[in-house]
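Copied from TrEMBL, the annotated features are:
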type	residues	note
BINDING	THR45, ILE204	pyruvate binding site
ACT_SITE	TYR133	active site, proton donor/acceptor
ACT_SITE	LYS161	active site, schiff-base intermediate with substrate
Amino acid sequence: MLRGLHVPLITPFTSSGEVAVDAIEKLASDYLDQGAAGLVALGTTGEVAALDPGERELVIEACARVCAERQALLTVGVTGNDTRSTARALQGLPSGVGAALVTVPYFLRPGERGVIAHFEALAEATPVPLVIYHIPYRTGQAVGAATFRQVGAHPMIAGMKYAAGGIDQDAVDLLGDLPEGFEVVGGDDAFISPLLALGAVGGILASAHLQTRGYVELVEAWNAGDAARARALGHRLARLSAALFAEPNPTVIKGVLHAQGLIPTPDVRLPLVPAGEAAVSQARLVAVHPGE
Ligand SMILES: O=C(O)C1=N[C@H](C(=O)O)C[C@H](O)C1
């Protein structure tokens, strides 16, 4: 279900500060036409925390329309760090949503027993398969391979987005012994190539806004076992992701897409501030010639 490249869409804004629905549809269509297997709406890259409920609905509706036309998977980020409200949000997801991306509960640091209880309760409540989002440098909660193996055995937990900020022992342990039907996709752009080499089946990668086909090919090459091609491509794309993450995501990506005329403004919402001109210019150059 999670195999392939999934693009976590930015949320573009108009010059009057509204969600630019037309631009979302255009970007979404282009990425799927270039070979992405799916889209992720309302991720960190989509500035979900800065959108009000009505805006979130608009974003989901636009992405659902495009995904339905192309029979692509739409995954929606469902944020929350308490179990009851996250379960309610999952139950309120509209039709057209194929999976939900749910973070390890952040900030509270409930411990691994709490993490297990949280995901087991959500798995019982959810109408769509869940993808666990493990990003300990944002959540503050360490989680080991044994815990993911335990929760991953639940039939409603389809897999996880692994973003530990590097390749750690738990990634090696987990990918060496996955529960039946549980898939891992990478969520750290800089480390996607080594994670695919270990057995991840795809990625949720903001950098793919600028090199969709390159990331599609990277995933395909590792899945096909073509290590020589994959390794070279991985090194090339890592330069692009370094340039795009030179300032907080998604500020540089928005700056580049705006400079390319693909979104109406480079605007982000506070506390994010627009990327500096130097970072945007550098990323534009690398996006065109990632090998240099
Ligand atoms: O929104 C996402 O999904 C992603 N967010 C990460 C982040 O902002 O740290 C980056 C990743 O490419 C996908």
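Sequential numbering from 1, following the chain as shown.
Note: Cβ is positioned from N, Cα and C throughout, glycine not excepted.
Quantities reported herein were computed from a predicted structural model and do not represent experimental measurements.
Among the recorded positions listed (THR45, TYR133, LYS161), THR45 have a CB atom closer than 6 Å to some atom of ligand 1, in sequence order. Non-local neighbourhood of the residue listed as 'active site, proton donor/acceptor': GLY77, LEU101, VAL102, THR103, VAL104, MET160, LYS161, ALA163, GLY187, each in the same chain, at least six residues away, with C-beta under 8 Å from its C-beta. THR45 (pyruvate binding site) falls outside any helix or strand according to DSSP and counts as coil. Around ILE204 (pyruvate binding site), the C-beta neighbours below 8 angstroms that are at least 6 residues distant in the chain are HIS6, VAL7, PRO8, VAL40, GLY43, THR75, LEU101, LYS161, VAL185, GLY186, GLY187. Comparing local CB density within 10 A for the recorded positions THR45, LYS161, the maximum falls on LYS161.
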